[in-house]
Amino acid sequence: MSGPDIAIVGAGAFGSALALALAPTRRVVLWGRNPPRWPAGADLTEKPRTDDAGLTVTTDLAQATAPITLLALPAQALRPFLSQHGPALSGALVSTAKGIDLETLEGPSRSIARACPGAVIAVLTGPSFAADIARGLPTALTLACADPQAEAIQHALATPTLRLYRTADVTGAELGGALKNVIAIAAGAAIGAGFGDSARAAIVTRGFAEMTRLATRLGAEAETLVGLSGLGDLILTSTSDQSRNFRYGLSLGRGQTFDAGVTVEGAATARAVARLAPRVDVEMPVASQVAALSEGRTTIAAALATLLNRPLREE
Ligand SMILES: NC(=O)c1ccc[n+]([C@@H]2O[C@H](COP(=O)([O-])OP(=O)(O)OC[C@H]3O[C@@H](n4cnc5c(N)ncnc54)[C@H](O)[C@@H]3O)[C@@H](O)[C@H]2O)c1
Ligand SMILES: O=P(O)(O)OC[C@H](O)CO
C-alpha cells in the first residue's frame, strides 16, 4: 500500500477538522506535538470510507510525508516551526495560517519560501470555522497558488461539502485572511462596549477599506479582497461569536480578561500592521487602535474618540 495522499502538520482545531473532513475519501496523516484537538460537535465515529482512505494520527513528524502537506499552525508559530523542520518537509506546502509574522512582517507564503526554497507553495483560506468543517457543513474556501500545480491541489483538497475556489493571488488571499482578524477584534470591541450594530457596520466597512489599501499597496489585486479570503471571511469573523478574534474583541470592549491560551491571530497581526503600514505609507486607523488596545496602550473610550475625531474626508 502506498503512503498518505495528504499530510496535516498541526493537530489544533483547524488541522484536526481538516483531517476529519478529508479522511473519508483520502489517506490522511495528521501530525501534532499534542493529541488532536477535535472540534466540539465533531462526529468521531468511523465514517464510510473508500477502500483507499482513512486517518492516521502521529507524533512522529517523519511519518507526515505526502505529496501535499497542509501546515495548520498559528501564524506566529509557523516560521519558528519551519526554521527547525522546513528541510524535512516535501511536496506542495499549503499554509492555513491567517496572520503576519511579528518579526519579519511577512505572510506565511514568504516564511515557507525562505525555509523551503523551491517548494510549491499554496495558501488555503476563507470563511470557515473548524467546528463547521469537522461536522461536514457546506463551506467555500480559497486555494491561492501561483504554481502550475494549483488546479491539481484544488482538486486534491476539495470534498463534496468543501468547495474550493482558486486564485493565483497568494498575497491578496493571505493578507485578506490575516487582516480580517484585526478588524474582527475591533468589531467585537465595539459590540462588547455597547456601541451598537451601526458602529460595528461602520468599523467593518472602514476596516475593509484599510485592509484593501494595505493589501493592494503590498501587491494584492483588489478583486481578491472582495472574495472569500477577504470580505467573505471578514463578514464571518466580525459577526459570529464562534470566532476567537471576535470574542477577544468582546472581552476588550467589556474590560474583561481573555484566556491567554486561546489562539487570537489578530492581536499579533495588529501589532505587525502597526509597524508595517507606516513603512509603505498606508493609514490603518482601525488596526492601529486594535494594536494599542491589545497592548493596553489605550482604552476603549479613547480608541473610539481617536477614530471619531479623525478629519472629515471623502469616502
Ligand atoms: N480554528 C478555526 O476555525 C480556523 C479556521 C480557519 C483557519 N484557521 C487558522 O489555522 C491556523 C491554526 O489555527 P487553529 O485553530 O488550529 O489553532 P489552535 O490553537 O487550535 O491549534 C494550534 C496548534 O498548533 C500547535 N503548535 C503551536 N505552535 C507549534 C509549534 N511551534 N510546533 C508545533 N506545533 C505547534 C499547537 O500545539 C496546536 O495543536 C491559524 O492561523 C488560524 O487562523 C483556523
Ligand atoms: O476563530 P477565529 O477568529 O480564529 O476565526 C476562525 C476562521 O479564521 C474563520 O474563518
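Just so you know, glycine gets a Cβ as well, placed from its N, Cα and C.
All TrEMBL annotations are machine predictions without curation.
Copied over from TrEMBL:
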ACT_SITE  K180  active site, proton acceptor
BINDING   G10, A11, G12, A13, F14, G15, A130, R244  NAD(+) binding site
BINDING   F14, R33, K98, A130, R244, E265  NADPH binding site
BINDING   K98, G126, S128, K180, D233, S243, R244, N245  sn-glycerol 3-phosphate binding site
BINDING   K98, R244, N245  substrate binding site
DOMAIN    6-150  domain 'Glycerol-3-phosphate dehydrogenase NAD-dependent N-terminal'
DOMAIN    169-303  domain 'Glycerol-3-phosphate dehydrogenase NAD-dependent C-terminal'
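Taking the Cβ of G126 (sn-glycerol 3-phosphate binding site) as centre and 10 Å as the limit, one finds 26 other Cβ atoms among all the protein chains shown. Per-class residue totals from DSSP over the domain 'Glycerol-3-phosphate dehydrogenase NAD-dependent C-terminal' (169-303), listed helix then strand then coil: 100 helix, 0 strand, 35 coil. Taking only the Cα positions, the spacing between D233 (sn-glycerol 3-phosphate binding site) and the residue listed as 'active site, proton acceptor' is 7 angstrom. Proximity of G10 (NAD(+) binding site) to non-local residues of its own chain (separation of 6 or more, Cβ distance below 8 Å) is seen for W31, G32, L70, L71, A72, L73, T96, given in sequence order. Counting other C-beta atoms within 10 Å of each candidate's C-beta, the recorded positions R33, K98, K180, R244 are led by K180. Of all the binding-site residues listed here (G12, G15), the one with the fewest other CB atoms within 10 A of its own CB is G12. Checking the recorded positions K180, D233, S243, R244 for a CB within less than 6 Å of any atom of ligand 1 leaves no residue at all. Taking the Cβ of S243 (sn-glycerol 3-phosphate binding site) as reference, residues of its chain lying under 8 Å away and at least six apart in sequence are, in sequence order, F129, A184, G188, L236, T237. Counting other Cβ atoms within 10 Å of each Cβ, the binding-site residues S128, N245 show the lowest value at S128. For ligand 2, the neighbouring binding-site residues among F14, K98, G126, S128, D233, S243 are K98, S128, D233, S243, by Cβ distance under 6 Å.
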